[in-house]
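Participant: Taken from TrEMBL, the feature domain 'Cadherin' applies to 87-167, 168-276, 277-391, 392-496, 496-613. The transmembrane segment annotation in TrEMBL covers 613-642. According to TrEMBL, the feature compositional bias 'Low complexity' maps to 753-770. Positions annotated as region 'Disordered' by TrEMBL: 753-774.
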Amino acid sequence: MPERLTEMLMDTWTPLIILWITVLPSIYMAPMNQSQVLPSGSSTGLKRLNEEQRVLHRSKRGWVWNQMFVLEEFSGPEPILVGRLHTDLDPGSSKIKYILSGDGAGTIFVINDKTGDIHAMKRLDREEKAEYTLTAQAVDRDTNQPLEPPSEFIIKVQDINDNAPEFVEGPYHATVPEMSVVGTFVTKVTATDADDPVYGNSAKLVYSILEGQPYFSIEPHTAIIKTALPNMDREAKEEYFVVIQAKDMGGHMGGLSGTTTVTITLSDVNDNPPKFAQSLYHFSVMEDVALGEPIGRVRANDLDIGENAKSSYDIIEGDGMDVFEITTDAQTQDGIIRVRKPLDFETKKSYTLKVEAANIHIDPRFLSGGPFKDTATVKIVVEDADEPPVFSSPTYLLEVHENAALNSVLGQVTAHDPDVSSSPIRFSIDRHTDLERQFNINAEDGKITLATPLDRETSTWHNITIVATETRNHSQVSRVPVAIKVLDVNDNAPEFASEHEAFLCENGKPGQVIQIVSAVDKDDPKNGHYFLYSLLPEMVNNPNFTIKKNEDNTLSILAKHSGFSRQKQEVYLLPIIISDSGTPPMSSTGTLTIRVCGCSSDGTVQSCNAEAYVLPIGLSMGALIAILACIILLLVIVVLFVTLRRHKNEPLIIKDDEDVRENIIRYDDEGGGEEDTEAFDIATLQNPDGINGFLPRKDIKPDLQFMPRQGLAPVPNGVDVDEFINVRLHEADNDPTAPPYDSIQIYGYEGKGSAAGSLSSLESSTSDSDQNFDYLSEWGPRFKRLGELYSVGESDKET
């Protein structure tokens, strides 16, 4: 601690001593600088402290001085003297007054208005404000009139080393590839010092490493960090913690320092090859495993990470290179061995493979370190499994003629059990593929026979599925598709392609083609269809028509003569025999209808009806239809007119929503009043709940439902009302669900012959004052209380 205090005192007082020895004389003894001379027009000048007797005679110059300096952070018992102002106009009679204004005047800097001495009253910090601009002026003490123009000068705060270097951007993080050569750039750090970089060495920094050697080094002046050791291996150590120091005063004793940390991480390079965890792997697999299923995994470890650790696997040798394949798992970097072709325990029971793992991304700088690959041996044992039967062919194609006899054999399928036990096989047809049961199969030998007749014209192909099942294990089942093609035989006679109707013009010429007809045959001969056309034997010498075979397998019908007339014969029927060329040949007879029509000169058919000739002149069929339509229209109009006449006296019902007029509907019926009992049934006004004698309270909903009692029958008109009311009052008083306050009971009718008379006020002809309520006391305690209330009200009115 004493040594540090000594260093601080030296740092503080050494510049202070130099200031008094060198700086202050430079303030008061420096030659005048013409750039700081005030404007002309004044005859005053600056007198330095140690040259007050020397008078400077300069024409047209008043105030002359250099910049003033004051030491920062100076704290003495008394204010520090910065400098003194003096003018030649001051004869020493104290008639001149010095005035100071500007930055800090009166607070930080104070001037003696008589002597011109300027003192600093506070400790100054150059880092807060480096210089102050002030204005000095000499005035007459009595009149305050300025003796000369004001002049500006600057007081600069002189720096001391009172700020330590700081790393503003720290702590730092950097990366450098592993195995880098010495001198590889890592990163650069920067420290700042708030002291004056111009004056002295207070801001001159030197960098050094406190922790992190001998792995890294730093340039003292540029602060560039570099590697100091070669071949640093990330797999051995990945992260380094380095402490950097920055010291001012050029690194000399007494300088202030600051530190920061740099975390340096070695990034990975591909400098390690993959390595299998073991040199030999054993796997076993069932022979019935599905294609593409994984049977095992191998792994080659790589000390590198990321892309540098990725490897690809391949089978380079072995007797199962075409049976197995290996792929890379992108997530785990494992080699997955899968089945590529079906396995057969009975054929081959084991396989030996040689698997290689190689890095995908190779760094050429490390090729000299050896091949970045590794190999391992994989032995795979095939285990026996109970396999389903195997058909001799994956598909079967059978052909059968459509006229084949029932139970004839169409073909045979064969299958065997590939297992050593060789179980017997039973065959069957999947009836979902043979819903009509057209085929059968022998369960022992697999021969397929015909069960129902076939028709090629209905269905040319039949696709069925044959099922083979082991007799010892019915769960072992195999299926095979069988396609059965039905071959054609000539069993269909040809016929006309469509119902032909020919039209013959009355003005036709002999030899004119009336119609061209064609034929079709449902059969499908190998060489195509060839039809033969002929007339019936009895019509070979037909006087009206003849036929002609065309090259395109069609037939032309020709007229032998002209002069056909509809009146003579309107329709002709021409039977034609059509035969095919099959074995045996098939034939059919088709009749062509030939209608005689009237045609225009160019041969266009106009009319084919014979009755057109017997119609009156100028009245065609179209005209008759038009007349009939007019008659029907007139009848419809008459019917509508009669209907409207019937409904003309009915009032119109306004259905328009926009018509907002009021409609007054008058009824001529007048009610019969209370005595009218014929208009409606009074029983409909009764409370429906009271029919069975159950009348719930109307004021609240009771928590407990009152058990219904056997209700009374509907009361006739002549019942005693007093007895009825007493019964209901008794029920209400004994109702356990009723609250302890009175409530109104609703009755759905008014009886006749009551001693109280009508309860309605509509027929009452007397006023309240004429009524006597004493009779209410006879109806029970509750009505008695009601009578007392009314009696009291009447007495109050009289009073």
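Here the Cβ of each residue, glycine as well, is placed from N, Cα and C on the backbone.
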Participant: The domain 'Cadherin' (496-613): mean pLDDT?
Facilitator: 81
Participant: How many helix, strand and coil residues does the domain 'Cadherin' (277-391) contain under DSSP?
Facilitator: 10 helix, 57 strand, 48 coil
Participant: Can you break down the domain 'Cadherin' (392-496) into helix, strand and coil residue counts using DSSP?
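Facilitator: Once the DSSP states are binned, the domain 'Cadherin' (392-496) shows 3 helix, 47 strand, 55 coil.
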